[in-house]
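Q: Dropping a structure here in structure tokens format, bear with me for questions.
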Amino acid sequence: MAPPQHLCGSHLVDALYLVCGDRGFFYNPKGIVEQCCHRPCDIFDLQSYCN
């Protein structure tokens with residue numbers, strides 16, 4: 001598994017598409033940017049935004 005990373009902008013959206021796949025995701029910019037851009041996040045953090 002990959003170590004936690006800072007993901008911002010298009011990198012964050014690409015990671016969500018990769019993790020969530022066909023389920024899609026809900027995009028709450030304030031929450032996910034705070035969690036994954038300002039601080040490093042891991043795959044489990046990203047999965048919490050999947051539908």
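Glycine is treated like the rest: Cβ placed from N, Cα and C.
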Q: Check for me: which candidate out of C41, C50 does Swiss-Prot give as the disulfide partner of C36?
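A: According to Swiss-Prot, the disulfide partner of C36 among C41, C50 is C41.
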Q: For C41 (disulfide bond), which of the three DSSP-derived states applies: helix, strand, or coil?
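A: The three-state answer is strand.
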Q: Sequence gap of 6 or more, Cβ distance under 8 Å: name the residues on the same chain that satisfy this around C36 (disulfide bond), in order along the sequence.
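A: When sequence neighbours closer than 6 are ignored, C36 (disulfide bond) has Q5, H6, L7, C8, L12, A15, D45, L46 within Cβ distance under 8 Å.
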Q: So what sits near C41 (disulfide bond) in its own chain, CB-to-CB under 8 Å and at least six residues off in sequence?
A: P4, Q5, L7, Q35
